[in-house]
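Peer 1: For reference, the structure I am asking about is given below.
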Amino acid sequence: MPISRIAIGDTAEIGQTDALKAALAEFISMLIFVFAGEGSGMAFNKLTDSGSTTPAGLVAAALAHAFALFVAVSVGANISGGHVNPAVTFGAFVGGHITLLRSLLYWIAQLLGSVVACLLLKFATGGQETSAFSLSSGVGVWNAVVFEIVMTFGLVYTVYATAVDPKKGNIGIIAPIAIGFIVGANILAGGAFDGASMNPAVSFGPAVVSWSWDNHWVYWLGPFIGSGIAAIVYEVFFITPNTHEQLPTTDY
């Protein structure tokens, strides 16, 4: 079971050069991702004078996030594994592929990257609001939690299948493409209901800069539950004990 492979890690790990470089890579990748993703929404608001969300705006958001995540994962893959998401890091931790202490480093870097990206966007756009994630009319908090659980399950399951599984072979660029595609597809499915975050850091940056925290917990609880379920399912059913190995974080 994955629980037997969970590792806390050594405190000395936090100061190791490779761990700090990996955290910096996560910070940069998250900044790239959020700047493009959140920026696309701000650009849409600029073009429509903050008008109502339209199907075209939803498609634009999905494409921007898919493309940006493909790049963000690709540029970080060889250094940090290209998690670019606290929920993905949590899934890797549950599966025994990263220690808790290194996970904490990643989480701090990811959250800071998102906040800095939103601050840069606010400055570059002359003070335009970085809209926090929110629930659409008629969508309850538990509806949104289920949305986030299912969408993040799909995302982390994809990460496991294309990047973590030791049997994946040499699929190279396929993993970042698949990860970007599932995020884009999920935004098309859930964006109109709760914004389709799947990523606590992506929700955290706009919330900090706009200081809007309504139902913010939804965007942490749902992704972490979905990620944990995906990690356990993939580890138990598809990564058998004789094929499992403690993968270094730079391999995924």
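Every residue, even glycine, has its Cβ placed from backbone N, Cα and C.
Keep in mind that TrEMBL annotations are predicted by a computer and have not been checked by a curator.
If you look up TrEMBL, you'll see 23-44, 56-77, 104-124, 144-164, 171-193, 217-237 marked as transmembrane segment.
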Peer 1: Cβ pairs under 8 Å only, please: of the recorded stretches 23-44, 56-77, 217-237, which one is richest in them relative to the transmembrane segment (171-193)?
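Peer 2: Selected stretch: 56-77, with the most Cβ pairs under 8 Å.
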Peer 1: Mind checking which residues reach the transmembrane segment (217-237)? Cβ under 8 Å, same chain, six or more beyond either end.
Peer 2: 1-2, 85-88, 90-92, 94-96, 133, 135, 141, 144-157, 160-161, 164-165, 194, 197-200, 203-204, 244
